[in-house]
Amino acid sequence: MDYEDLKKRVWDLLAQNIESNYRVAVVVVGHPGSGKSTMAQRLKRDLNQEFQSHLKARRGGLRISAGIAAESLDETVPVASGALVEEARRGFFAHVEDPGFKPHKFYDGDGTAVIFGRGGLPNSVRIASEALDPASSVNIAEVVPMDGFHLSRAHLDHFADAAAAHKRRGAPWTFDSNNYLQLCKLLAATCKWKPAKRPKGETLMETICDTFAQCPVISYPGFDHAAKDPVRDQHVLTGFTRVLIFDGLYLLYDQENWAHIYHSLASTGAVLVVNVTASEETRETRVATRHFAAGLVGSIEEGVRKFRENDLLNAKLIEEHTLGGVPTLILSND
């Protein structure tokens, strides 16, 4: 399969589910250096550009119906005690090695729900009520990257073996898998929302334009490679978002919290999985160059060594522990 075929399949997925699912999910996986994140961003850009080209050419405004209240989305997330909230505000380091910690929420002064897992506030998710603005940029596709759920360096400092945690940063246990899974569950619920019933448009684009709804605004962290840490609220989903592109190394990993991500998304009945592949030589060159550009190493040679001592180990973990029975498309990216 090539990239253009992937893009067509995503449009087809949306068309096939436009009357039953408010959103559809695309899961992009691949080894470090395969180019999965670049592919996810390219897909987001192209889907949005094609939709925006349609908007410029059409006459008439968008139809926006009443939607779902924010409170209904997080109702199954337990409310944190005052002591737990205070602990979160102070850093929340005591739970950093607990993959069984259940995410909790608290409410800011403006009523916004903040959901946090074992990584504390740096990896938190925010849910708010905010009216859609038809005059704003209408992006129907957004990426949901795993990268924003890297545990912060301050949290890695509190591991029993902090040196190993820093050296193996990027391994499954150095992420807030608790809260990334919680985010995936929340977003899977939004995929199952039923779009407003309207006469079907002549084209998929017209049907999309007629079935937008007011939805909770969901913010989640990204990752700043220069600062080497997660950034709160870097990514935002609104009611305009109809395609969710999940991007990450461990989205089909069959251990601890990671093992439940695919099943949560598959429960929507509207999911597509693509594995982006590349040769080990290509991946090594890409990752070594990236490490050097990010200032993580002092030379390309050091970048190669870091790849072999960390990233390659993570790739082998994936090969040994991938969920079975998942229909997966293969996209070669050498």
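Quick reminder: no glycine exception, Cβ is built from N, Cα and C everywhere.
Annotated in Swiss-Prot:
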- Gly30, His31, Pro32, Gly33, Ser34, Gly35, Lys36, Ser37, Thr38: ATP binding site (BINDING)
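Recorded features from Swiss-Prot, shown on the structure.
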residue : record           : CB count, 10 Å
Gly30   : ATP binding site : 26
Pro32   : ATP binding site : 22
Ser34   : ATP binding site : 26
Lys36   : ATP binding site : 25
Thr38   : ATP binding site : 14
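Taking the centroid of the Cβ atoms of Gly30, His31, Pro32, Gly33, Ser34, Gly35, Lys36, Ser37, Thr38 as the ATP site, the other same-chain residues with Cβ within 8 Å of it are Met39, Val276, Ala278, Arg283, Arg286, Asn333. According to DSSP, Pro32 (ATP binding site) sits in a coil region rather than a helix or strand.
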